[in-house]
Amino acid sequence: MLGRAKTDPDPLQDYCIADTKSAPSIFMNGMPCINPALVAASMFATSALARPGSTVNQFGFNVTFANTANLPGLNTMGLTMARVDIAPQGFVVPHSHPRASEVTICLKGYICVGFVDTSGHLYTQILRPGDSFVFPRGLIHYLYNPDYRNPALAVAGLNSQNPGAQIASLAMFASTPEIPEEVLKKAFKITGQEVARIRGNLGG
């Protein structure tokens with residue numbers, strides 16, 4: 001019998017409000033809980049996604065997360081939420097989430113989204129307000145706002161408390177320590193000068 005796909009462990013109680021103030025004495029897969037007698041309704045709410053983030057950067061996007069840091073009631077629920085602001089012609093660079101699938105909902109403007117599967121096939125779609133798109137767990141994906149004048153806005157839900165994010169270009173060209181130049185030259189069919197230029201552009 002096939003088991004259901006999941007990432008985070010199932011919770012063992014109704015809720016486990018994250019204790020974000022005290023330093024844990026043990027390291028665990030998640031956050032320690034506060035005393036249930038101290039739980040308040042406000043711990044299950046946040047306004048973190050209500051405010052737009054600054055898109056003034058080289059890529060023109062900003063991701064604001066709702067996670068246990070600002071929404072402690074999410075602890076052990078296997079969820080993370082995000083607000084994605086994309087400037088005109090801005091884009092969320094190709095990246096992957098090793099521990100989560102993601103569903104993105106376009107709220108404003110229109111967004112070109114896509115992911116590449118393990119056979120190298122690209123699945124892409126234009127999202128308009130109200131449209132949704134799913135990025136499978138661990139696959140490289142991107143979001144792009146093709147509009148020259150208007151920003152775009154999306155919200156995303158991920159099925160992990162800590163989905164992780166690995167940006168493909170930074171992983172290859174800005175790692176610490178660096179991936180050997182010869183590996184990058186052969187993998188991307190580029191010269192040593194091009195490796196150095198890409199590393200410089202990415203701050204590597």
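Glycine too: its Cβ is placed from the backbone N, Cα and C atoms.
For reference, TrEMBL has these:
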DISULFID  C16-C33  disulfide bond
DOMAIN    47-196  domain 'Cupin type-1'
BINDING   H95, H97, E102, H141  Mn(2+) binding site
BINDING   H97, E102  oxalate binding site
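Taking the features listed in TrEMBL, we show where each one sits on the structure.
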residue	record	Cβ contacts under 8 Å, 6 or more apart
C16	disulfide bond	G30, M31, C33, N75, T76
H95	Mn(2+) binding site	I140, H141, Y142, A165, Q166, I167, A168
H97	Mn(2+) binding site	F135, R137, G138, L158, S160, P163, G164, A165, Q166
E102	Mn(2+) binding site	V134, F135, H141, A156, G157, L158, P163
Request  = Inside 10 Å of the Cβ of C33 (disulfide bond), count up the other Cβ atoms and send me the figure.
outcome  = 16
Ask   = Can you list, in sequence order, the residues of the same chain other than H95, H97, E102, H141 whose CB lies within 8 Å of the CB centroid of the Mn(2+) site?
value = S96, A100, F115, F135, L139, I140, L158, P163, A165
Key: Number of other Cβ atoms within 10 Å of the Cβ of H141 (Mn(2+) binding site) across all protein chains   = 23
Ask   = When the pLDDT values for the domain 'Cupin type-1' (47-196) are averaged, what is the result?
value = 97
Inquiry  = Across the domain 'Cupin type-1' (47-196), what are the DSSP residue counts per state (helix, strand, coil)?
reply    = 25 helix, 55 strand, 70 coil
